[in-house]
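Comments concern the structure below.
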Amino acid sequence: MVRFIFVSFGLLVVFLSLSGIGAGFCCPWGWSSYDEHCYQVFQQKMNWEDAEKFCIQQHKGSHLVSFHSSEEVDLVTSKTFPILKHDFVWMGLSNVWNECTREWSDGTKLDYKAWSGQSDCIVSKTTDNQWLSMDCSSKRYIVCKFQA
């Protein structure tokens, strides 16, 4: 009987791992997870170009944060406001990367928008996710994101 239970459990583990059920994903220590992506708030202030380079150095595939839903925005706001209070964070959106079309610095489509203005580099307010244009050389906080 014990052997039957052991074999049955082993088959269940193999089935679940092959089917992807319960297979989940893990973010590195200090990173938050949402919808198979990992996020981290950094308290350093940098200009947009240095911030994007910084994110790329933090983890393979990491870039400045991109938003694709209001739920994703809610998660990032819940992580940034307690740490940064009333301030701004760079988003991975600027004309530096693509003069003709708007896309995130990670190459994904700009499919969620909350514009308040337009310029070369875009920030998000930590309190209400209002998007604002800022001079790319100004120094702002950083949120990095990568797909797990």
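The backbone N, Cα and C atoms fix where each Cβ goes, glycine too.
Per Swiss-Prot, the features are:
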- CYS27-CYS38: disulfide bond (DISULFID)
- CYS55-CYS144: disulfide bond (DISULFID)
- CYS121-CYS136: disulfide bond (DISULFID)
- 34-145: domain 'C-type lectin' (DOMAIN)
- 1-23: signal peptide (SIGNAL)
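Taking the features listed in Swiss-Prot, we show where each one sits on the structure.
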| residue | record | DSSP (3 states) |
| --- | --- | --- |
| CYS27 | disulfide bond | coil |
| CYS38 | disulfide bond | strand |
| CYS55 | disulfide bond | helix |
| CYS121 | disulfide bond | strand |
| CYS136 | disulfide bond | coil |
| CYS144 | disulfide bond | strand |
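Here the Cα atom of CYS121 (disulfide bond) is found 23 Å from that of CYS38 (disulfide bond). Cα of CYS27 (disulfide bond) to Cα of CYS144 (disulfide bond): a distance of 12 Å.
Taking the disulfide-bonded residues CYS27, CYS55, CYS121, CYS144 in turn, the residue surrounded by the fewest other Cβ atoms inside 10 Å of its Cβ turns out to be CYS27.
Candidate disulfide-bonded residues: CYS55, CYS136, CYS144. Nearest to CYS38 (disulfide bond) by Cα distance: CYS144.
The two recorded residues CYS136 (disulfide bond) and CYS144 (disulfide bond) have their Cα atoms spaced 17 Å from each other.
The sparsest Cβ neighbourhood within 10 Å, among the listed disulfide-bonded residues (CYS38, CYS136), is found at CYS136.
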